[in-house]
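Database features (Swiss-Prot):
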- Arg47: NADP(+) binding site (BINDING)
- Arg125, Ala126, Ser127, Gly287, Lys302, Pro303, Thr304, Ala305, Thr306, Arg328: FMN binding site (BINDING)
Amino acid sequence: MGSSFGDLFRISTFGESHGGGVGVIVEGCPPRLDLDVDAIQAELDRRRPGQSHITTPRKEADQVEVLSGLLDGQTTLGTPIAMLVRNKDQRPGDYKDMAVAFRPSHADATYQVKYGVQARSGGGRASARETIGRVAAGAIAKQLLAKAAGTEVLAWVKRIHTIEANVDPQAVTLDAIESNIVRCPDASTAAQMVERIEAIGRDGDSCGGVIECVVRNPAPGLGMPVFDKLEADLAKAVMSLPATKGFEIGSGFSGTLLKGSEHNDAFVPTDDGRLQTATNNSGGIQGGISNGEPIVIRVAFKPTATIRKEQQTIDSDGKATTLAGKGRHDPCVLPRAVPMVEAMVALVLADHLLRQQGQCSLW
């Protein structure tokens, strides 16, 4: 329960941080889609640990194995696609102290309350290694969206702690995002972000921030009325990622400071009859349905829970104790969370694209 996502384009992830491996089963991918498996690996490389000095030093190649669902390793058959990444660099000994004391603001305590047992080593299913399956599946969704609708999904780090970049969602490029280790397309701001992460990490602490994501050229008409609104599904998708604490779309919370006459997106005539608005405060979605304008969302991530600083907590018997986190943990999750956000957004859009085709494209 709780490890599957989507309706028609559906994924189920499996595995623990310090188990044999992690992976995903993708169901509902249309047949005859020529997949670039190297592109799947490239997405996993963006997510993998040990890629820079501001991420966890855990060393994992995160090499994907596609076990089923492809003809000649390329063409989708329309059957379940199973992908596996084996864990190679586990260190269970790092979690000895955490086996008897709950990490503040981590899932240790709530998993124990719910299940009466927990995978203490590495956090089990609460570990960010679970997102490997999501990123692999999201890479397939990205290729489906690009081929079927010409849709592009890009995310970047907008803010680290108190340092914020002002990035134009319409102008941002993947090359600019990937030009530095923090994945902020504004080079000067990125340098400040790196310095802040370094300083906080040296102090044994951690920091959070905001990731912004744009969907360019989304198919219009995606989303369902009432409970399956597109922004509602996007919110659920990205808020299911580890460490997320907030979601906004379009003008977001700042839109509450505007009057209706200031916030409304005026429609303008077009030569081809498609919908177009003069502004995009709606973030590309109105009434829960995409209007074809760029979809712009932002996701807030809290500081990493496991830190080297000593903190007050309780042990498994409820007695007061202290805990200083050991192991290899990101001082800031945001640089590696960028492909995770892209993946979850792509999965939602792929699912809704298939639902739209199934319901509204018969005649």
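Indices start at 1 and increase along the chain as displayed.
Any Cβ shown, glycine's included, is placed from N, Cα and C.
Of all the Cβ atoms in the protein chains shown, 24 others lie within 10 Å of the Cβ of Arg47 (NADP(+) binding site).
Across the fold, the C-alpha of Thr304 (FMN binding site) and the C-alpha of Arg47 (NADP(+) binding site) stand 16 Å from each other. According to DSSP, Thr304 (FMN binding site) is assigned to coil rather than to any helix or strand. Take the Cα of Arg47 (NADP(+) binding site) and measure to each of the binding-site residues Arg125, Ser127, Thr306: the nearest one is Ser127. Most Cβ neighbours within 10 Å, among the binding-site residues Ser127, Thr306: Thr306 holds that distinction in the structure as shown. The least crowded of the binding-site residues Lys302, Thr304, judged by other CB atoms within 10 A of its own CB, is Lys302. All protein chains shown were included, and the count of other CB atoms within 10 Å of the CB of Arg125 (FMN binding site) stands at 21.
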